[in-house]
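Colleague: Per TrEMBL, Mn(2+) binding site is recorded for C:C141, C:H143, C:E177, C:H201, C:H398. Look at TrEMBL and you will find C:222-312 tagged as domain 'Peptidase M20 dimerisation'.
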There are 4 protein chains.
Amino acid sequence: MKTLIDEAKTLRRTLHQYPEVGFTEMITTYLILKEVEDTSFTLYLGSDATDINAQMGRPSEAELLKACERAESFGVDKDTLDKIRNGETGIVAVLDTGVEGPHVGFRFDIDGLPITEAEKDSHIPFVEGFKSKHDGEMHACGHDAHASIGVALLKYIDTNKDELKGKYTIIFQAAEEGLRGANGYVQKGWLDTVDYFFTSHVGLVPLKVGTVNAKSKGFLSSKKFDVEFYGKSAHAGAEPNAGKNALLAASNAAVNLNAISRHRDGATRLNVGKLEAGSGRNVIPDYAFMMCEVRGEKDELTEYMYERAEAVIKGAALMYDCDYKIRLMGNASTAVCDDELVDVIKRATVNNSYITQLNEEGPAGGSEDATYMINRVQKNNGKATYMTFPYELKAGHHHPEFDVDEAVLGVAISTYIDIVNELNKD
Amino acid sequence: MKTLIDEAKTLRRTLHQYPEVGFTEMITTYLILKEVEDTSFTLYLGSDATDINAQMGRPSEAELLKACERAESFGVDKDTLDKIRNGETGIVAVLDTGVEGPHVGFRFDIDGLPITEAEKDSHIPFVEGFKSKHDGEMHACGHDAHASIGVALLKYIDTNKDELKGKYTIIFQAAEEGLRGANGYVQKGWLDTVDYFFTSHVGLVPLKVGTVNAKSKGFLSSKKFDVEFYGKSAHAGAEPNAGKNALLAASNAAVNLNAISRHRDGATRLNVGKLEAGSGRNVIPDYAFMMCEVRGEKDELTEYMYERAEAVIKGAALMYDCDYKIRLMGNASTAVCDDELVDVIKRATVNNSYITQLNEEGPAGGSEDATYMINRVQKNNGKATYMTFPYELKAGHHHPEFDVDEAVLGVAISTYIDIVNELNKD
Amino acid sequence: MKTLIDEAKTLRRTLHQYPEVGFTEMITTYLILKEVEDTSFTLYLGSDATDINAQMGRPSEAELLKACERAESFGVDKDTLDKIRNGETGIVAVLDTGVEGPHVGFRFDIDGLPITEAEKDSHIPFVEGFKSKHDGEMHACGHDAHASIGVALLKYIDTNKDELKGKYTIIFQAAEEGLRGANGYVQKGWLDTVDYFFTSHVGLVPLKVGTVNAKSKGFLSSKKFDVEFYGKSAHAGAEPNAGKNALLAASNAAVNLNAISRHRDGATRLNVGKLEAGSGRNVIPDYAFMMCEVRGEKDELTEYMYERAEAVIKGAALMYDCDYKIRLMGNASTAVCDDELVDVIKRATVNNSYITQLNEEGPAGGSEDATYMINRVQKNNGKATYMTFPYELKAGHHHPEFDVDEAVLGVAISTYIDIVNELNKD
Amino acid sequence: MKTLIDEAKTLRRTLHQYPEVGFTEMITTYLILKEVEDTSFTLYLGSDATDINAQMGRPSEAELLKACERAESFGVDKDTLDKIRNGETGIVAVLDTGVEGPHVGFRFDIDGLPITEAEKDSHIPFVEGFKSKHDGEMHACGHDAHASIGVALLKYIDTNKDELKGKYTIIFQAAEEGLRGANGYVQKGWLDTVDYFFTSHVGLVPLKVGTVNAKSKGFLSSKKFDVEFYGKSAHAGAEPNAGKNALLAASNAAVNLNAISRHRDGATRLNVGKLEAGSGRNVIPDYAFMMCEVRGEKDELTEYMYERAEAVIKGAALMYDCDYKIRLMGNASTAVCDDELVDVIKRATVNNSYITQLNEEGPAGGSEDATYMINRVQKNNGKATYMTFPYELKAGHHHPEFDVDEAVLGVAISTYIDIVNELNKD
């Protein structure tokens, strides 16, 4: 166990230096691959692992190409790169013991964020020399830890496979940020026969390290979407009537999106986070772009907001004789964890010395696309939970000074191993 | 001539006491009828005179009924009333001399305005006891004078019919205000064979009485329209999401109608003159009503504004999931008068002692639906003009203290008679 | 008890025929007065009872005059009328037993609604001949029953005054609808020394008659306000630039009021229930009027909405160079009932045969201005509760077919009497 | 003459390779300086030539620095660079003959545009190897020709100074594009004593080369301005109420700027050419930026639009509790050329063999900041004109394939020389 945890710490520090945003985790995928390719797990990459058509908010060709070149420079072999260069990053690792038993699924997300890491003496990755080497990208949400925990779990299962029964599927998921990646794996069917599903997040709640929340509640449903308005430019002084003003279509849409009515059944949200329109001062703007999101306490509320948003956007476009396009960029449901797994975790960790406090439930950290997986497992009568492994956060998630208390690695890895063993008992 | 002018003055003062807004000129029609029914002119009333389907901005059934009851109380006979009770008011009077000659058309508008007449010692109709007897209605644009001039002209032609050649059509037109009535007569075909067409307005420009402007320029094209938005009400506190907010559809439409782009080719106008929406404070508004107008220096500019307005209204309705209806309430084209008739008028009035100044051209007073008639005559190769007979206005048109300098009656009647005689010369 | 209930039923049917909207309850006040003037209670009317400056959403002078004339026709004596003709309607009745004991306060609201009562065979007031005699006004919320219950309670206390201790204040409150009347009595100080305060509503929840909810939760805080925009008119065709467009100020305000952001801390509401702007089609609108309301789960949320609304309105006025005025028309706080009184009610009604089910808590019916009184009592360390007496509603509150199941009178009257007796025990 | 024209052609081709946008014309200034420094003209640079406080739409420090470094690499000497590195580019050249006579002023603008030059076989600068060497910058409006014509004129005057009388001021003006530079020289006083002022543009109208329009009409008055809104960011899901939404302030401003009323007195224009707001999808936008312009047929109309725009922007900011800043980025008046100078040009060019057609008047090409200079000269009773030297344009001004027909150089230079000689006659 000690070795596993030490290796996880080392791996986490390596991954931390190569953060890659969603669907460009080419170095990350490669580094994980190197760790696990000599095990008995069957490894699936690229289109074998995920369904590109179910990915949302994919990067541009140019961004993929740039990531690819960076991965090449890093030394990722051509063979691996060819499988994932289209953004089908991540790995699915499967081991069937051949012995009858449950199918247990795990998911670890692996992507970084478009944030520039802090260079302060209070920031350990900077001081100890394992800060991000990718300008403008950072592991500011702890997914480097997640990936490392997943690798440790995989190794444990591999080492002990002869004493284990049933089947194990471990998903190293791309692009959790923006709620864009999970659905690709779900559509590929990996969750369809899973009996027990576990996933988790480090941090989130500022509690003493050693605390485990066995399930989470309060997942916000959300839809992220981009809007484009296509008008027609014209000289604003000479022939303004010849234009179709995309900027005005967008401006009206922005205001009226915010005016979508509150809903009887609970809290909703809407934001137009970005609006860019027009080119030159004296040209009727022929193009506008908006980044939007809606949220709801329940899926139905998010759907209500999204449907109303579609009408507003269509109406605004029509007002100014513009065409428009709405592109779904991210999506997450709410989800409800299963109490049965809380019991499993309780029984499993009864002798775990890394854990100082086991809570039945903690808060979910907003929106999460693991909910896709949870819902799919439950749809097929499986059980699922989303654990959290808190520690005293020095800075919030998505902050340039965010850091992981590495003591949490031991708590998480031991908990996962306990679970595997507990499920093997019956 | 003197007698004709005196009679016109008397008739004008009678008509002034019974102003009736467009399409409710039932007493007015009756009073004119009484003046001209014993002549040789063939008189057309009701659906024989005008096409109800080409009328715009018609009053409600209730308003027509009320006007009808008032006319009955006044003493209008049932026979006449039956012909005009549906708002097909006005008279077309035709006399064919049987002698070959030109077909000459004249048009005099007869409607009042929804304005309460002033009761001031400086206001002659009040002082001399011939103020409006209809509360809230007033001849504040001089159409009482117009009708009287037309009656005098008709009598002159009738008296002298044996010395005249050709054919005479005199239209006493309903509902010029709001540009609603002219088209009914045009669609009926009265203008189709007219060779020379004359119409006119008293006042408009504050010049010495005795001035005649032989033609007019600057008619503004215009479209008047009402808009209704139909939404769905809901309790604003309990279930706001269930509503479809017609007030917000209308508010967005109002703002964006005003934002319709200027046009390269000339001046345009738009106004939302009235907006009424909603019922109770705590009810999502399910209905909204707007009164709008667009204008343009040229017909194409008015069309541009109207088409853009339609798109804005449709888009605004869509934004809030509302239905909508646009109803055309008035319409006027631009028109260009014929120089040939300026020459006719010049020659005709060379010895006219009522005229002190003959100008070739004066300004048109904004929008006018006589333009419908002018355009129709010209389409069939006839010639047309719109004269003005100015006087020193004490108060502007549509003002509660507007009044006609009755000296203008002599100027106008003598001019029309001169024209008839001039056209009879060749 | 039986007699009291029968008399209450008779009084309720009389009051039902003379519904009067808030601040015009002149006949209602008179009818209650006649019932209670021969008791030992000291009666306060007009400016002795309420503070006119603390009333909100008062009717116009014309409306007060009309109500006054109606009351005169009904036979209300001049003396009484003089006290209440300014809209200071309602009665405060006080009885001090002279024996040391608690000060107990009660409040019964007495106003009707601007709704036309249904004439259907399924509607008992119509069938049994006690339908509203006031066109367009109706007791559609059961305040006729409330007043009758109050009168019965007053009579009981009066009859038994010799066995009672402490002091009793009974408020027959005007203008609960719109949350406009309560504050007038509060500012007068009637609640300042009250130890126990009880008020209630019949209906609200469709439960079996015989049910009592001893307290209520979920009062929505609310602010009602009117907005006026003052611009400048101008001819829309001739000189549009000279106008200051109040309609556009209002339209922008309406849209952006609806766009006020959701709040982290709970549910909020906003509605622009009515917008009226402009006069003629071709006139730049110089005036606009809006009826608005905001609500919140907590007072702070309502304040947040109101403050944001003020900024939006000011900004919209500024955009179009208009002046504006905001007038507060109604106001209600949230309130929390006291558990101590639930206990009192439980103990009091232990042998009450009219009650079949006593619940500790039921839902409040939205916004209520009794909350003003509850909060004032509690501020001075008194205890307060808002009970509900449900029955199976045939039609919702504020509906033309709303009716009171008169069996509820017995439940309510007996409960109030039990409370009086219980508080007299110690 | 032939030599002068050939040298001008060479200089034009050199300048064409080093286009620099407004206030960064450091190489351009240097190249002109090299051409004229050995003449008898006194040369003024930097703060001796222009008033930095009267410049509008200045580049950022970073942009100036970059231009400066480029100029250094090019070989501009430190001495010259130090004078102009702050964007005080351009040269004023003055020669006083010492003989009594008129003060004649000339102005030639020298800046390029932020346009990438075409690389097509039909584009002469590309084919003949003198295409722009500055990526993203291009002489796409012919100011390279203007500068060359000015240099030729200067040399002519210098060569013939002994036969000339009066005083000559030649302004090589920075930053005409965007209407930003002229005012700097005006405020410095260079135009205050000018008796005759001449400036011109090549191209503009597609007429045969050899045509000269002696004056221009139709200068549009214009104001260019940038707007910034400063709000406050907040997490759109977690605490939306804490934000101050700059994007919504800007969106409302954009719509309502377009809704500024038409003006009675003539054509107006408004455009929001660019709007950029917000950062991340889930962040309430705390910043928005807009690029705007207004225009009018008369200065008063532009002022009307600008004043209304200020009110709209202020109101929109207030609605969303944002701060804002409006920055004037460019400004041009209308101007009326003097007929006296048309006569001068007619007389002057009577034997000019380069000219095939002399028109009294041609259209101005929209807005021009030479109007500042024209108005200043006329204010002090001088006479001024703006000539155009048309040729058959292959591509419009500001187009990547715009090119100058170099035959126009001869037409322009000979005309200017003729003017000098004509004014020397009396």
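Including glycine, each Cβ sits where the backbone N, Cα and C put it.
Nobody curates TrEMBL annotations by hand; they come from automatic prediction.
On a predicted model such as this, the values are computed, not experimentally measured, just so you know.
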Colleague: Using a 10 angstroms cut-off on Cβ to Cβ distances, just flag whichever of C:H143, C:H201, C:H398 is the loneliest among these binding-site residues.
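Modeller: Selected from the binding-site residues C:H143, C:H201, C:H398 on minimum Cβ neighbours within 10 Å: C:H398.
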Colleague: Tally every other Cβ atom lying within 10 Å of the Cβ atom of C:E177 (Mn(2+) binding site).
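Modeller: Around C:E177 (Mn(2+) binding site), other Cβ atoms within 10 Å: 21.
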Colleague: Specify all same-chain residues, apart from the site residues C:C141, C:H143, C:E177, C:H201, C:H398, whose Cβ lies within 8 angstroms of the center of the Cβ atoms of the Mn(2+) site, ordered by sequence.
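Modeller: These residues sit around the Mn(2+) site: C:D109, C:D111, C:L113, C:A140, C:G142, C:E176, C:H397.
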Colleague: For the domain 'Peptidase M20 dimerisation' (C:222-312), jot down how many residues DSSP puts in helix, in strand and in coil.
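Modeller: Once the DSSP states are binned, the domain 'Peptidase M20 dimerisation' (C:222-312) shows 30 helix, 36 strand, 25 coil.
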Colleague: Let me know the DSSP-derived helix, strand or coil state of C:H201 (Mn(2+) binding site), please.
Modeller: strand
Colleague: State the count of C-beta atoms found within 10 angstroms of the C-beta of C:C141 (Mn(2+) binding site), not counting that atom itself.
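Modeller: I get 27 for this one.
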Colleague: Can you work out the mean pLDDT of the predicted model over the domain 'Peptidase M20 dimerisation' (C:222-312)?
Modeller: 93
